[in-house]
Amino acid sequence: MGGSQDARRAPRRSSGLDRPRLERAGFEASLGQPAPPMASALEDPVLIRPLRGHGAAVTGVAFSASAAELATSSLDRSLMIWKLKKQCRAYKFVGHMDAVTSVNFSPEGQLLASASQDHTVRLWIPCIHGESSVLKGHTASVRSVSFSHDGHLLVSASNDKSVKIWSVQRRRLLFSLFQHTHWVRCAKFSPDGRLIASCSEDKSVKIWDTINKTCIDSFIDYGGFPNFVDFNPSGTCIASAGSNHTVKLWDIRMNKLLQHYKVHRAEVNCVSFHPSGNYLITASTDGTLKILDLSEGRLIYTLHGHKGPVLSVAFSKGGEKFASGGADGQVLLWKTNFDSFDYKEVLKHHIRRIQTDDPPHLLDIYPRSPHLHDEKLQSVEVNPTFDVADTQTVDPPVVEISSSPSFGTLDDVSNEDLQYPSASVLATSSKRKSENESESVMHNVDKKIGISPSLGNALENIVEQLDVLTLTISILEQRLTLTEDKLKECLENQQKILPQGRQEE
């Protein structure tokens, strides 16, 4: 799958999956050289297994803090949680009315956030009862959602040109950020939560101060628009994935481009930093994943496996695994391996399979001047050849769970099922109840307080009015943005017309 048709099948592993085929571009078997020993592949990324269950493209992947669960989102309007045990189980959560575009676990794994083209963000308690709460405020498709590293805040990016920050505990909108002039594709918190990076089809990446709620810096990519952006683990750099086939690393302290890679043949859809900060994995429409060694400034691995574009990728918190999601509806779970070895030793093992160029002139861990890394660099190719009939890898059973407006417990869930704290353990985040599919968690009232029906109805009416006001404000903000765009366009046209009039005079 994803590799050449004449790929040689390696010896069968005990796990039932074929060992990935490793090759160097230009390597010819006719040279008569013996194949590298199997032990030399121990430091290469290895496909653990494919995960099949979505009925459409997989738009997002995210590991829980323990890496025991993997959450995925899809254009099939659902999100899934995969229990990554030997006997893999899958749970499909249904509640969004349109495609789900992004998914993210809270740092402690007690909540799951999802974004959708139905203009909403949902907060889920990932249990068998499917409890969720709807956050409304966006007036167009929501493209991305992400928790802050302390789990207190949530940031969302939308086609309404806004970035919105939400309180997780209170389940309400805190403030919006408006400066992008086109659809906002992604927004992420910095590790310390003080900054937000967002990217838009206006070809800019903006850095926001969450305290002052202002844009403090902006990086412009004239070659194309960025599809995805994220901070490195130390919070000093950001990486952007470009529609112009490039990956760029920017230093937000010096406000300059550090590294510029052009290793893909099509647009780059997603990137993920290894927790060490030394590696970056990229996912592209060209159907491949690429692993970059940032300290060496080189491409070290190209991974195949998806049939068609790869839309999402993410490392686990410890970096020992990573997962990718594709337009083929598959999720591929990989074992990292290479991060446990010294890279120079890895090159020695691959001497017959890989030929590398000289490293770029590095003055620091990153080059101080932009350095272009193109696809001429040779890298190790990993082509996992797997097929259900050959590998006997049975797809995990899928349990479909519909969204529930109330929060329940897990008393009836076996040890093999989803194991998360019950609602009573989650206190303020999970004892709240909302009516009508949790239209807004501001509706949620603790059932144990014993509020009278009349007071409850009054509170619900007040919250409904607040919802209407929130939507009204969002619409007004959108109209104000459109007015500003038109005014800017008029001023630009006026500046063009005035010189022409003077010349005619």
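Each Cβ is built from the backbone N, Cα and C atoms, and glycine gets one as well.
For reference, TrEMBL has these:
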type: REGION; residues: 1-24; note: region 'Disordered'
type: COMPBIAS; residues: 15-24; note: compositional bias 'Basic and acidic residues'
type: REPEAT; residues: 51-85; note: repeat 'WD'
type: REPEAT; residues: 93-124; note: repeat 'WD'
type: REPEAT; residues: 135-176; note: repeat 'WD'
type: REPEAT; residues: 177-218; note: repeat 'WD'
type: REPEAT; residues: 229-260; note: repeat 'WD'
type: REPEAT; residues: 261-302; note: repeat 'WD'
type: REPEAT; residues: 303-335; note: repeat 'WD'
type: COILED; residues: 459-493; note: coiled coil
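In the predicted model, the repeat 'WD' (177-218) shows an average pLDDT of 96. When Cβ-Cβ distances below 8 Å are used as the criterion, the repeat 'WD' (177-218) is approached by residues 140, 143-144, 146-150, 152-153, 155-159, 161-165, 224-231, 233-235, 238, 240, 250, 252, 255, 477, 480-481, 485 of the same chain, each at least six residues removed from its ends. Beyond the repeat 'WD' (51-85), the same-chain residues lying 6 or more positions past its ends with a Cβ under 8 Å from any Cβ of the stretch are 91-94, 96-105, 107-109, 112, 114-116, 124, 126, 309, 311-318, 320-321, 323-333, 395-396, 398, 416, 418.
Under 8 Å from some Cβ of the repeat 'WD' (303-335) lie the Cβ atoms of residues 1-3, 45-52, 54-63, 65-67, 70, 72, 74, 76, 82, 84, 266, 269-276, 281-291, 381-384, 386, all in the same chain and six or more residues away from its ends.
Helix, strand and coil residue tallies for the repeat 'WD' (135-176), in that order: 0 helix, 25 strand, 17 coil [DSSP].
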